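Pulled from Swiss-Prot, these are the features on record:
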ACT_SITE  150  active site, proton acceptor
BINDING   8, 9, 10, 11, 12, 13, 14, 15  NADP(+) binding site
BINDING   137  substrate binding site
């Protein structure tokens, strides 16, 4: 029987790659999106046709207080894996960030993943199995000037992962995170081509990460090959700030 995975932010660059990778491994998929319905629907249709899996799309704004409850209320089937991938960066001085932006970023990266996971855990605990992976960021480990809000949110994700892993280990559920460095997705569009080159030059491997490389790390942590790994932050950053 195929396992079922929920992937938040499935229509974005990393989310799409994770979805494709898990579909290739036989997972049925619940693909969450916020605004990009067309991209999510096209992805679901493509994966169903290519891999013969069930792929359903679900809409929710996880930056809203009721977003997580709205999303999980529409899920009726047992969940075997959760990929907490929704997120967005924010660039700017701390003194220029208003309260509404702070609340939205904390809701999106911290509160909604907490609530979503809490709502789905009873079934996983009954089954005494499951795996959860949060897609966080290198800045959750090191922090970044002019991305203090984003760094704070991602650091909170890491604490969530470590605490939850200890709480759920007796129930046979593993919890980990993948912490990417600079990844070649639309999130990097805030930088000019020249700035992207400068960032790549700082990375020992000499280039930005590909979304597929983040997807492969995520799939590994969900797999039985990682059966004794929990509470860990797997840095996928090409040696940048390691």
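Quick reminder: no glycine exception, Cβ is built from N, Cα and C everywhere.
Here the features listed in Swiss-Prot are painted onto the structure.
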residue: 8; record: NADP(+) binding site; DSSP class: coil
residue: 13; record: NADP(+) binding site; DSSP class: helix
residue: 137; record: substrate binding site; DSSP class: coil
residue: 150; record: active site, proton acceptor; DSSP class: helix
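Annotation for the residue listed as 'substrate binding site': same-chain Cβ neighbours under 8 Å, separated by at least 6 residues, are 87, 150, 151, 154, 179, 180. The residues near the NADP(+) site, meaning same-chain residues not in 8, 9, 10, 11, 12, 13, 14, 15 whose C-beta sits within 8 angstroms of the mean position of the site's C-beta atoms, are 7, 16, 18, 19, 33, 85, 86, in sequence order. Note: residue 15 (NADP(+) binding site) has non-local neighbours 7, 8, 9, 31, 83, 85, 86, i.e. same-chain residues 6+ apart with C-beta under 8 A of its own C-beta. Each of the binding-site residues 8, 11 was scored by how many other Cβ atoms lie within 10 Å of its Cβ, and the smallest score goes to 11. For residue 13 (NADP(+) binding site), the same-chain residues 6+ apart in sequence whose C-beta sits under 8 angstroms from its C-beta are 183, 184, 185, 186, 187, 211. Using a 10 Å radius centred on the Cβ of residue 14 (NADP(+) binding site) and all shown protein chains, the other Cβ atoms total 27. Here the Cβ of residue 9 (NADP(+) binding site) has 26 other Cβ atoms within 10 Å, regardless of which shown protein chain they belong to.
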